[in-house]
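Novice: One structure is given below, represented as structure tokens, and several questions about it will come after.
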Amino acid sequence: MNPNQKIIAIGSASLGILILNVILHVVSIIVTVLVLNNNGTGLYCNGTIIREYNETVRVERITQWYNTNTIEYIERPSNEYYMNNTEPLCEAQGFAPFSKDNGIRIGSRGHVFVIREPFVSCSPLECRTFFLTQGSLLNDKHSNGTVKDRSPYRTFMSVKVGQSPNVYQARFEAVAWSATACHDGKKWMTVGVTGPDAQAVAVVHYGGVPVDIINSWAGDILRTQESSCTCIKGDCYWVMTDGPANRQAKYRIFKAKDGRIIGQTDINFNGGHIEECSCYPNEGKVECVCRDNWTGTNRPILVISPDLSYTVGYLCAGIPTDTPRGEDSQFTGSCTSPLGNQGYGVKGFGFRQGNDVWAGRTISRTSRLGFEIIKIRNGWTQNSKDQIRKQVIVDNLNWSGYSGSFTLPVELTKKGCLVPCFWVEMIRGKPEETTIWTSSSSIVMCGVDHKIASWSWHDGAILPFDIDKM
């Protein structure tokens, strides 16, 4: 064939292929329409895809029509039910590591907040670490002087448990230098205290929105738990203190529903002192182990009923668990009175196990060094010295700090009981070390059915930082 004939042949073949392709597409469309109509779905294929990004679940409804995707973002569905939380505590034979954030180690070269008072609380879907920032980052000039407890720069924030308190994953909760938080099964409730010492205000947030307030009633540093509050059947309970740290103060129990205060009662505790309670649900009541910052080296015990009636006293055990404290052998124990004549103190916790008690304490008697949890037979109800188990969490060569309690809800564990858990803060920097800042990291442990070996899960950051050498 001559060149013109070749061109005509190729063009004819191409035209034929094009016509065939068009016919096939038309047939495909007709068949698709007929099939979809027969199945009662019309022209659209609808599907829902759930993707998780960090701690936020994003729901996308994707509508597909031929080769076109339409993506519609819809609001995350909220939980429909309040958590029950009336189950008993599970029996714990030991405590296994749940998480460790290593915030100070990471913060030497990462964008990590300067914090104190970290604690953990759980919803039916997740556990989160809450903390009070100083409005500054580690290894930065604004970290200077962050040993101070109360300032206008302090904010209450949270991350998913195990994450460092970093800039990129932290969620703002409240402006606060004292706080508590808990989940009722539907939404998070947070209480953040801020303002001047004589006129501080606690702002109650529910689902991220401020819905109620508590003004200082004694005019002397209104403050709260620095650990998880407790929700039972949709009602949430927490304890607040207003008044001196070294003599008689005023104490109140608060009850809220959907973030709105529906009840409160004063705690009559003449001669005793209550601060920074560590509370948990147990058999339909709220049990709290608190701090006596006035005289006692034994810890106050507060048990709250749903109607806001309460019993208050001291942990009966014949072993002291506050710091500073005297020798175990010289301590007799009391269920009703403070003993030990040691001022100051540190936030701590305990768990009732029948008549027994698991109680945490620093290993050092005089400073916040080391941490152990001990089980005392009949220690909840008697002046018992019968220590039947001990597990070291931080050895006596490393700094500890505050500690507190929380529970894993049955929605998370699928058990018939509430798993007892605790966290230990590990404070670094001022006043014990040569730095310009004070911050902390934490280790979190949860109760299990087996004995767990002692070890030291200490902070491990190498100090001083670069900013401390300038």
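Residue numbers in this text run from 1 along the chain shown.
Cβ coordinates are placed from backbone N, Cα and C, and glycine is handled just like the others.
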Novice: To which of D266, D322, D328 does Swiss-Prot also attribute binding of Ca(2+) at the site defined by D292, G296?
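Specialist: Same Ca(2+) site in Swiss-Prot: D322.
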Novice: According to Swiss-Prot, which residue among C90, C127 is joined to C122 by a disulfide bond?
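Specialist: The record-listed partner cysteine is C127.
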Novice: Disulfide-wise, see what Swiss-Prot says C288 is paired with, picking from C279, C316.
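Specialist: Its disulfide partner, as Swiss-Prot records it, is C279.
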Novice: Considering the candidates C45, C90, which is the cysteine that Swiss-Prot reports in a disulfide bond with C417?
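Specialist: According to the record, the bonded cysteine is C90.
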Novice: Provide the number of Cβ atoms within 10 Å of the Cβ of G296 (Ca(2+) binding site), excluding the reference atom itself.
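Specialist: Result for G296 (Ca(2+) binding site): 27 neighbouring Cβ atoms inside 10 Å.
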Novice: In Å, rounded, how far does the Cα of N84 (N-linked glycosylation site) sit from the Cα of D322 (Ca(2+) binding site)?
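Specialist: Rounded to the nearest whole number, the Cα-Cα distance is 32 Å.
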Novice: Based on Cα distances to D322 (Ca(2+) binding site), point out the closest of the recorded positions N144, N398, Y402.
Specialist: Y402
Novice: With the Ca(2+) site defined by D292, G296, D322, which remaining residues of that chain have Cβ atoms positioned within 8 Å of the Cβ centroid?
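Specialist: Surrounding the site, in chain order, are H273, R291, N293, W294, T295, T297, N298, R299, P300, Y314, P320, P338, G340, Q342, G345.
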Novice: Taking only the recorded positions D292, G296, Y402, which one has a CA atom nearest to the CA atom of N144 (N-linked glycosylation site)?
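Specialist: Of all the candidates listed, Y402 is nearest in space.
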Novice: Across the region 'Involved in apical transport and lipid raft association' (11-32), what is the average pLDDT of the model, as a whole number?
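Specialist: So the average pLDDT across the region 'Involved in apical transport and lipid raft association' (11-32) works out to 70.
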Novice: Return the residues near N293 (N-linked glycosylation site), defined as same-chain residues 6+ apart in sequence whose C-beta is under 8 angstroms from its C-beta, sorted by sequence, else 'none'.
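Specialist: Those within reach of N293 (N-linked glycosylation site), by Cβ under 8 Å and sequence separation of 6 or more, are A245, N246, H273, E275, G343, Y344, G345.
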